[in-house]
Amino acid sequence: MQSYTAKENNRGSGLNISMAQTDNGTSHNGYVPHYLLSGDPFASKLSKEADFVAAFYICIVGIMSTIGNGYVIFMTFKRKTKLRPPELMTMNLAIFDFGISVTGKPFFVISSFSHRWLFGMEGCRFYGWAGFFFGCGSLITMTVVSLDRYLKICHLRYGTWLKRNHAFLCLGFIWSYAAFWATMPLIGWGNYAPEPFGTSCTLDWWLAQASLSGQSFVMSILFFCLVLPTAIIVFSYVKIIFKVKESAKEVAHFDTRNQNSHILEIKLTKVAMLICAGFLIAWIPYAVVSVWSAFGKPDSVPIPASVVPTLLAKSSAMYNPIIYQVIDCKNTCVKLSCFRTFKKRKYYNTSRFYSISAAVKGTSAVECHTEI
C-alpha cells in the first residue's frame, strides 16, 4: 500500500499522512482512505473565490453565534443560584453552541482564506472531535428538552415532579454521552478525517467501507447520535400536538388564569419545537450526505454537494440566540399586557404564570414570567 506525503506549502517540513491509515485502525483489507486517493488531502478542492465566500460566511456566523450565545450564558449565569430546570437547559444549549463557535469556526475560516487546511492531522482530529462533541451535546440537550415538554403537557404528575436536582443529573448525562461518542474515534473505534473539499474535518464516514469495525462505528454513530434522539424529539412533539387537540375543549371550561397558563405552556412548547426544527433542518442534509458518502461509491458525492450541507450545519449555533431575542421581545409585550390587565382587574399581586408546570401558583411577585 502506498502512502502519500503531503507537503504543506506554509511549512518547511513535510507531513506523512499515511499515519492516518494506521493510528486508528483504518487500514484493513487493502482499504485506502478516501483522502489519500486524490493528492494532497489538505489542499482545498474549491476555487479561491469559493473558499473566500465560505470563509466570509462562516466568519459572520461565528461572530453572531459567539456574541449571541455568550450573551445568553452571561445573563443566565448572573442568576445561577435561581435557575430552574428549563433555564439550566437553555444555558447548557448556549454553552454547547458557544463551544462549537469558538473551537471550530476559527480553524475553518483561517484554512479557507489560506486555500488549504493549515493545522495538520492532529489539528484535524481536534477540530473533528470538538465539532462532534458540541454538536452531539446540542442535540441531546434538545432531546431532553423535548421529553421535558412532553411530560409537562401530556403527563402533568411527572411534569411537576421534575426538580432542579433532576436537571443536574440530566446535564451530567448529556455531557458524558457527548464525550463518550466524540472520544471513541480518538481511542481506536473510528477516526476523524479531512472533508472531501479539504479545508475542514469530520468523522471518517468512509470507514463503513473498510471493515466490520468501521461499519459498526458508523452505524452506531448514526443510531445513537442522530436517529434515536431525532425519533424521541419527533415522538414527543407529535404526542404533544395530539394532546393539545384532545384538550382544546376542556380548556374552554377553565377559569381565565388557568386558560392563560395553558396557552403559555403551548406557546413555550412551540418555541422548543422551533429550536429543534432549526437544528434538525441544519444538520439533516449533512447527515444525508454523510450516509451517502459512507455507503456509496468513492467520490460519488460531488464536492459542491458536500460543501453546502457543511456550511448549513455550521450555521446552526447562530439560530438559537435569534430565537431567544424574538421571544424576549414578545415577553416584553406580554409583561406590559399583564401589567395593564392585572392593574385593571385588581388582582395584579396574586398571580404568576410558571412555564415549568401547567398549574398557576399564587405569589406576591409582580411579573408574568416565561422561559424556554
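From the backbone N, Cα and C atoms, a Cβ is placed for every residue, glycine too.
These figures come from a predicted structure and were not determined experimentally.
Of the candidate ranges 95-114, 315-334, TrEMBL annotates residues 95-114 with the feature transmembrane segment. Mean predicted confidence for the domain 'G-protein coupled receptors family 1 profile' (68-324): the pLDDT average there is 86. The stretch from 52-74, 126-147, 168-189, 217-238, 271-295 with the most CB pairs below 8 A to the transmembrane segment (95-114) is 52-74. Sequence-distant contacts of the transmembrane segment (271-295), counting only residues of its own chain at least 6 positions beyond either end whose CB sits under 8 Å from a CB of the stretch, comprise 34, 93, 135, 138-139, 142, 145-146, 149, 196, 202-203, 205-209, 218, 222, 226, 230, 233, 237, 301, 305-306, 308-310, 312-313, 315-316, 319-320, 323, 327, 372.
Take the transmembrane segment (168-189) and the stretches 52-74, 126-147, 217-238: counting Cβ pairs under 8 Å, 126-147 has the most.
Residues 86, 89, 92-93, 96-97, 99-100, 103-104, 107-108, 119, 170, 173-175, 177-179, 181-183, 185-186, 192-193, 200-203, 225-226, 229-230, 232-233, 236-237, 272, 275-276, 279, 283, 313, 316-317, 372 of the same chain lie 6 or more positions beyond the ends of the transmembrane segment (126-147) yet place their CB under 8 Å from a CB of it.
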